[in-house]
Amino acid sequence: MKLLMLCREPRLYSCQRLKEAAKHQGHEMDILDPNHCFLKLSQNPPHFQIFYQENSESKPYLLPDYDAVLPRFGTTSTQMGCSVLQHFEGKGTFCLNSSQAFLNARDKWKSLQLLLKAGVPVPNSLFSGGEVQAHATIPHISSPTILKTLNGSQGIGVILAEKPQSAVSIMEAFKQTNISMLQQDFIEEAGNADIRCFVMGDQVVATMQRIGQNGEFRANCHRGGKTEKITLSDEEKQIAIQATKAIGLDVAGVDLIRSKNGLLVLEVNASPGLEMIEKTSGIDIAAEIIDYIEINAFINSR
């Protein structure tokens, strides 16, 4: 197969592992930055064309047809990356995670709405319009409070407000810069730990527990969190699979937290990193992803 990965940083561990796995299984993979693409729509065939410009001095060239596309772009490239994905979808190419599912996952508030609508348990959450005064929301959420920007990643844009007045001050400051935030219950009984599940289709292929270090409430590995193996019950695995389906994703990293009221889904990531979960679980997730693409690209082509 001829595969394409959409990624701004081809040297990242996840990108390199996927390229190695594809090569090992006899496939060719290109890695291209979606921000170097330009898209053409035409009434006459071919209706969907994608051109690529390597640099400011080079002449754009028409991209060939691919058997499958793997989106691995970050939050700053969401708009263009999803536009490129939509173009490939228009061409009938199999995309591992659709453009709409990617957009669902990248909007934290929309994803919470989709999760709860599908019956997936999530923390109590609030999102308010720009004309709502921050102090008016405080009686409706517990304290301490978690504050999150709508499209952050790797723990960036996540703040713990210990007291109600702190939450008000932080929200008012962010409002001045036109940055919207959602409020969420802080699950104190979980301490500084959460769980990352790697879901592929109808299966949880790997899990790990992440533990924040040195008083850091965020357990993200990018924030220095430690990881260790963890075993989930069948019920907990089903919640992770259900969350992935609710967002519309084929492959996802689902973040879970154990509360006194049961398991809660914190977030569903459309482009989860492979490094720490592969090293912690000992599972070759990159190879599993290529296997999944082989099967589903074949089904898509029939």
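Cβ atoms here come from the backbone N, Cα and C positions, even for glycine.
Straight from Swiss-Prot, the features:
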BINDING   Lys148, Asp185, Phe186, Asp194, Arg218, Ala219, Asn220  ATP binding site
BINDING   Asp255, Glu267  Mg(2+) 1 binding site
BINDING   Asp255, Glu267  Mn(2+) 1 binding site
BINDING   Glu267, Asn269  Mg(2+) 2 binding site
BINDING   Glu267, Asn269  Mn(2+) 2 binding site
DOMAIN    112-294  domain 'ATP-grasp'
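Features per Swiss-Prot, on structure.
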residue: Lys148; record: ATP binding site; DSSP class: strand
residue: Asp185; record: ATP binding site; DSSP class: strand
residue: Asp194; record: ATP binding site; DSSP class: strand
residue: Asp255; record: Mg(2+) 1 binding site; DSSP class: strand
residue: Glu267; record: Mg(2+) 1 binding site; DSSP class: strand
Listed in sequence order, residues with CB under 8 A of Asp255 (Mg(2+) 1 binding site) and six or more positions away: Asp194, Ile195, Arg196, Cys197, Val265, Leu266, Glu267, Val268, Asn269
Count of other CB atoms lying within 10 Å of the CB belonging to Glu267 (Mg(2+) 1 binding site): 23
Nonlocal residues around Asp185 (ATP binding site), in sequence order (Cβ under 8 Å, 6 or more apart): Pro123, Asn124, Ser125, Ile141, Ser142, Thr145, Ile146
Packing count at Lys148 (ATP binding site) (other Cβ atoms within 10 Å of its Cβ): 22
Position of peak Cβ density within 10 Å, selected from the binding-site residues Phe186, Asp194, Asn269: Asp194
